[in-house]
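Comments concern the structure below.
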Amino acid sequence: MKEAKEEYPRIGIRPIIDGRLGGVRESLEETTMNMARNVAALFERELKYPDGTPVQCVIADSTIGGVKEAADCAKKFERENVGVSLSVTPCWCYGTETIDMNPHLPKAIWGFNGTERPGAVYLAAALAGHNQKGLPAFGIYGKDVQDVGDLYVPEDVKSKLLSFARAGLAVAIMRGKSYLSIGSVSMGIAGSIVDADFFQNYLGMRNEYVDSTEVLRRIEHNIFDQEEYAKAIAWTKENCKEGEDFNPAEKQSTREQKDQDWEFVVKMTLIIRDLMIGNEKLAEMGFGEEAFGHNAIASGFQGQRQWTDFLPNGDFPEAILNSSFDWNGIRAPFMVATENDSLNGVPMLFGHLLTNTAQIFADVRTYWSPEAVERVSGWKPTDQAANGFIHLINSGSCTLDGTGQQSRDGQPAMKPFWEISEEEAQACLNATTWYPANNGYFRGGGYSSKFLTKGGMPVTMSRINLIKGQGPVLQIAEGYTIDIPENVHQILDERTDRTWPTTWFVPKLTGQGAFRDVYSVMANWGSNHGSISYGHVGSDLITLASMLRIPVCMHNVEDERIFRPSAWSAFGMDPEGSDYRACQTYGPVYK
Ligand SMILES: C[C@H](O)[C@@H](O)[C@@H](O)C(=O)CO
Ligand SMILES: [Mn+2]
């Protein structure tokens, strides 16, 4: 498929200086510019855009000693598609005369901790200005004093710079993009009542809606790349093994029908992707309008029930699009929310933009207490499972990266696509079986993926909920995927839907509130779904949520990992209360 090259927003770096010419400014020019170049090199080395290319930085044409140069820099940033703004300085400069006033750019200031010149005093003055003007900014200030001109970026500073940049880029990349709903509300799931005000005001995104019949029209009228389809169906036959049909004999589809279902779901996959991002090939075929796509960075497919009562389900298209590989090879995953649960699609998008990896979509289905496990299986859970665990499982729509068949340093992992080897992609496919869909639920047939996620992966589950009177809230649970004895897995898994993929999850417990035990984590989960990202990324999610003014109602991230704009501390010393008050006071960024 031919795709236009994406132009990603850049990080703008503003070297701030003491404007006093005649000695002071001149003596600081080089040090200040070097600090900016050094940070740009750090970002370009450490951070990648979702397509795997290095993040790009833009440095102001001159150091900024006052408002004229601040304005010149703002103009340059606008011309150069800057989406995130970082000011750096080794010295005292003039607070409100130099700060970035663009309300839409996430902002941070790094005040160098030297003492020959007071970078930290500027930082304090500039942050006070930001806070007084209602333009929240993150403050970065190293713990240990450095010598003037030292280009080494200490670990604490580096970690804050990178958290800020990752979250800031996520904000900038999603802005102006759309969430595409294919279909409407699935089975009364509130998250699929797509709330345009939330997307517009909080995320700066648009909503696009197409009826599911558009997928059918394109199938019936062959509006998809025929060559790609031939390649896709051949690849699918070779790589996606079909499982046994567990449906009662009288309800089983014929072999002929099953073969047609394979063709149908492969076509659906091409079409849903084309609906999201367009496809120039369609223009060559005479479908110029279809070729544009909907500029979607995330989407959701309603499926249940009207579509799935009638036609093959969306599990295969969703699972393959959500994975980091298909017949075109290893590539970036798409974010496609099952049951059009947009409020799970959004945390999938957050997780993806923060890590560049695929995201697991799952029902948060069952809390298994140690007592219940012992009762039904005879096994008394030990070690990580000792406090019980949560069964994450949905109807076979989950990313195949969720098998845990990729690895990093010998441990199971879910990696950015450019780190995934051919062997690892193949291992994910080999670990997955495609069962004829349970036709009690899915009368229209289709195939559901089945696998068991490997234990031992650090993961973070998150979810947005819309609370009337409050607005959106984010919940976060860091934890691990776990292995349980095979026979116990068998017993627990077969009590549910054995044609669907299973992940056994234990959250990190803190002994307090929603994290006092595993039961309470599930009991406090705000909906039926969770989005699961590889790694402990709760701190980056918190940073991102603060940029979007979405309060975090539940998390188990250690205090020392929380990084929010400096103004948050002016709303009180209790971090949760201050987060709510700050988010309420500022309100959504794009209101
Ligand atoms: C097939 C069923 O309707 C499932 O799709 C259901 O358990 C859910 O996933 C609910 O979120
Ligand atoms: Mn579900």
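Along the chain as shown, residues are numbered 1 onward.
Here the Cβ of each residue, glycine as well, is placed from N, Cα and C on the backbone.
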_Among ASP315, ASP326, ASP363, ASP517, which residue does TrEMBL annotate as binding Mn(2+) at the site that also has GLU339, HIS529?_
ASP363
_Inter-residue C-alpha distance, ASP363 (Mn(2+) binding site) and GLU339 (active site, proton acceptor) (nearest angstrom)_ = 11
_ASP363 (Mn(2+) binding site): secondary structure state under DSSP, collapsed to three categories_ = strand
*Distance between GLU339 (active site, proton acceptor) and HIS529 (Mn(2+) binding site) at the Cα atoms, whole Å?*
10
_Cβ-Cβ distance under 8 Å to HIS529 (Mn(2+) binding site), same chain, at least six residues away_ = ILE189, GLY191, THR338, GLU339, ASP341, LEU343, ASN344, PHE361, ALA362, ASP363, VAL364, ASN394, ARG463
*So around the Mn(2+) site, GLU339, ASP363, HIS529 aside, which residues have their CB within 8 A of the centroid of those CB atoms?*
ILE189, THR338, ASP341, ASN344, PHE361, ALA362, ASN394, SER527, ASN528
*asked:* Fewest other C-beta atoms within 10 angstroms of its own C-beta: which of the recorded positions GLU339, ASP363 fits that?
replied: ASP363
